[in-house]
Amino acid sequence: MSDLKLAGGWQWGLWGLVLCVLCTWCLGAPSPSPSPAASPGSKLRFRLAGFPRKHYEGRVEIQRAGEWGTICDDDFTLQAAHVLCRELGFTEATGWAHSAKYGPGTGRIWLDNLNCRGTERSVSECSSRGWGNSDCTHDEDAGVVCKDQRLPGFSDSNIIEVEEQHLQVEEVRLKSAVGGGRRPLPVTEGLVEVRLPGGWAQVCDQGWSAHNSRVICGMLGFPSERRVNAAFYRLLAQRQRHSFGLHGVACMGTEAHLSLCPLEFYHGNDTARCPGGAPAVVSCVPGSLYATANGQRKKQSSAQPRGEPRLRLKGGARPGEGRVEVLKGGEWGTVCDHKWDLQSASVLCRELGFGSAREALSGARMGQGMGPIHLSEVRCSGREASLWNCPHKNITAEDCSHAQDAAVRCNLPYTGVEATETWYWDSGNVTELVLSGVRCTGSELSLGECAHHGTHIACKRTGTRFAAGVICSETASDLILHSALVQETAYIEDRPLHMLYCAAEENCLSRSARSANWPYGHRRLLRFSSQIHNLGRADFRPKAGRHSWVWHECHGHYHSMDIFTHYDILTPNGTKVAEGHKASFCLEDTECQEDVSKRYECANFGEQGITVGCWDLYRHDIDCQWIDITDVKPGNYILQVVINPNFEVAESDFTNNAMKCNCKYDGHRIWVHNCHIGDAFSEEANRRFERYPGQANNQIV
């Protein structure tokens with residue numbers, strides 16, 4: 001028997017070997033998971049390259065087997081940037097760049113589809129397609145931005161500092177050449193000065209072109225340039241002394257930064273600088289947001305395209321940054337980040353009245369949008385007047401997701417008002433309050449542009465206890481209601497009064513319920529579900545801490561916000577005929593996107609909130625998730641839901657907090673249709689919605 005067992009074991013071992021070979025032959029060799037380690041004789045070396053950049057940022061280059069190469073940005077993440085920054089001797093990464101932000105490299109592309117957890121000791125421990133296996137071009141070279149803090153005791157034997165063949169232009173400004181005293185900001189015309197390692201210097205105007213001026217204006221936050229009185233400035237130059245540091249500038253006009261243009265620097269031993277020339281002078285045209293003088297505003301407005309804008313930025317912390325959204329077919333949608341780069345982003349920024357792009361952002365860095373994704377693979381040359389003039393690909397559902405929404409940060413003019421810092425102060429030394437009744441829309445550049453009380457200050461003599469203050473933040477939440485779910489779940493219920501005592505205590509019924517014959521009779525309720533997504537860049541948290549939440553004995557839960565949503569039934573002319581409200585009795589993460597973990601749960605007096613990438617679901621069958629329409633007459637109406645109606649919690653965008661639907665009520669049934677977020681459609685489409693005459697029958701199409 002033992003011989004039989006041995007023989008059987010030998011035979012099965014042989015068959016197992018044959019099967020293994022067959023499987024390998026049929027299926028092919030498995031793709032490598034971790035990147036194969038470098039051979040013992042080929043130690044990896046790293047460096048940061050490209051320009052413009054600071055010493056802690058740049059294009060990542062790796063030397064393997066004596067050959068320098070780059071990393072493709074496909075699937076690149078902040079976790080990979082952390083690993084690479086530690087390889088470079090820094091403590092961690094603060095960001096990363098795609099699409100060759102620091103310029104395209106040369107040679108091999110060593111790594112593609114790099115996937116790191118962030119905890120690896122070396123990039124060779126991360127998974128990838130394998131060393132030298134890539135389908136990318138150098139237009140997709142990845143870069144990193146490291147925290148400017150070195151690892152303690154780090155040995156830099158594997159770090160190579162790039163020996164730049166030229167100096168770098170770190171900053172550009174316009175210096176006004178005429179007039180004394182304080183000039184209005186922003187400065188739109190003056191001598192071009194560049195900041196070099198040795199200080200500020202002027203640029204020789206020999207060979208200077210309108211293309212050069214366009215690049216300068218873009219860097220300074222202006223969409224376009226205009227001609228200057230060259231004779232006047234040359235006459236002025238003869239009376240002044242100059243310090244030239246740069247000459248031979250030859251931009252094409254499509255560059256996002258002067259350092260990307262061919263140029264030459266003067267060196268210390270150059271005795272004759274700019275012979276027969278003068279300092280370069282540039283005059284820029286400000287966008288409508290920054291055109292303060294009447295003449296400028298009139299000229300700028302006449303240059304703007306007529307009709308409604310077809311581009312906008314959403315979710316940013318300041319003007320000139322945000323998620324890119326485009327208007328197509330009367331509906332706003334996003335742009336996929338495939339091939340998104342500084343060239344295309346600069347065309348967008350200039351079209352919106354800003355300068356060239358400072359950053360082209362991918363991976364929904366400014367939050368995810370909702371609705372359609374209209375464009376993908378936008379490829380601008382930089383000369384186009386509109387993003388719509390650039391070659392692009394119409395999107396399909398399989399091509400992209402909102403996790404890949406493109407975003408941008410544009411160059412802005414310097415106005416003397418800096419945002420990014422919060423100040424706390426003792427108001428005991430404040431002698432006067434100068435403003436009251438301030439009401440801003442959020443798009444103003446200063447409080448002086450907001451509506452406010454006139455000469456009468458409401459709290460002028462009440463002391464400083466009513467002095468306003470702020471806490472500033474780079475990020476905020478952004479709540480959006482899933483409008484399609486409202487439309488799908490709306491229905492009418494006649495609910496007996498004896499089941500509504502708790503709801504009555506929370507004021508969830510109309511006023512006429514107070515005079516009803518309790519507990520007999522019923523109330524007619526329009527029920528629907530609310531699914532509220534946080535698509536911003538920070539968690540949505542109640543304004544009040546747990547210590548001040550109110551316990552509701554009847555329902556057995558805490559209220560973290562008294563009013564979280566308003567529900568209204570409006571006539572087509574906007575008259576309110578029924579209303580409801582919802583307190584946030586359980587603000588939590590009901591569900592989240594695939595790669596996001598839940599953080600907030602109401603059970604056991606837990607923390608309440610909505611995590612970025614998650615949503616809170618109020619089902620149609622819970623108390624107060626309704627509007628009491630008992631007193632509403634048959635007719636055509638508008639159903640309106642507004643989230644965070646009192647602006648108690650900061651959001652990056654309040655224009656998308658309202659949802660509206662058309663509805664027809666015949667006294668017994670209700671039809672809800674055409675539900676949409678308030679800013680999802682064009683102005684013309686919204687006007688058609690507001691003029692909605694109602695349905696002649698119940699055939700909703």
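Yeah, the Cβs are placed from backbone N, Cα and C, and that goes for glycine too.
The following features are taken from TrEMBL:
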- 1-28: signal peptide (SIGNAL)
- 46-147: domain 'SRCR' (DOMAIN)
- CYS72-CYS136: disulfide bond (DISULFID)
- CYS85-CYS146: disulfide bond (DISULFID)
- CYS116-CYS126: disulfide bond (DISULFID)
- 172-285: domain 'SRCR' (DOMAIN)
- CYS251-CYS261: disulfide bond (DISULFID)
- 295-321: region 'Disordered' (REGION)
- 311-411: domain 'SRCR' (DOMAIN)
- CYS336-CYS400: disulfide bond (DISULFID)
- CYS349-CYS410: disulfide bond (DISULFID)
- CYS380-CYS390: disulfide bond (DISULFID)
- 435-473: domain 'SRCR' (DOMAIN)
- CYS440-CYS450: disulfide bond (DISULFID)
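Counting other Cβ atoms within 10 Å of each Cβ, the lowest count among the disulfide-bonded residues CYS85, CYS136, CYS400, CYS410, CYS450 belongs to CYS450. Among the disulfide-bonded residues CYS85, CYS126, CYS261, CYS349, CYS390, the residue whose Cα lies closest in space to that of CYS400 (disulfide bond) is CYS390. Long-range neighbours of CYS390 (disulfide bond) (same chain, six or more residues apart, CB within less than 8 Å of its CB): SER344, VAL347, VAL378, ARG379, CYS380, SER381, GLU384. In this view, CYS251 (disulfide bond) is surrounded by 21 other Cβ atoms within 10 Å of its Cβ, with every protein chain counted. Around CYS72 (disulfide bond), the C-beta neighbours below 8 angstroms that are at least 6 residues distant in the chain are ILE109, LEU111, ASP112, ASN113, LEU114, SER134, CYS136, GLU140, ASP141, ALA142. The most crowded of the disulfide-bonded residues listed here (CYS261, CYS349) is CYS349, judged by how many other CB atoms sit within 10 Å of its own CB.
Here CYS450 (disulfide bond) is compared against the disulfide-bonded residues CYS146, CYS251, CYS261, CYS349, and the shortest C-alpha distance is to CYS349. Note on the disulfide-bonded residues CYS126, CYS336: the fewest other CB atoms within 10 A surround the CB of CYS126.
Looking just at the domain 'SRCR' (46-147), the mean pLDDT is 91. CYS146 (disulfide bond) sits 19 Å from CYS126 (disulfide bond), taking the Cα positions as reference. For the disulfide-bonded residues CYS116, CYS146, CYS380, the largest tally of other C-beta atoms within 10 A is found at CYS146.
Annotated pair CYS85 (disulfide bond) and CYS410 (disulfide bond), C-alpha to C-alpha distance, rounded: 26 Å. Closest to CYS126 (disulfide bond) in space, going by CA atoms and restricting to the disulfide-bonded residues CYS261, CYS336, CYS440, is CYS336. Counting only same-chain residues at least 6 apart in sequence, those with a Cβ under 8 Å from the Cβ of CYS440 (disulfide bond) are LEU447, GLU449, CYS450, ALA451.
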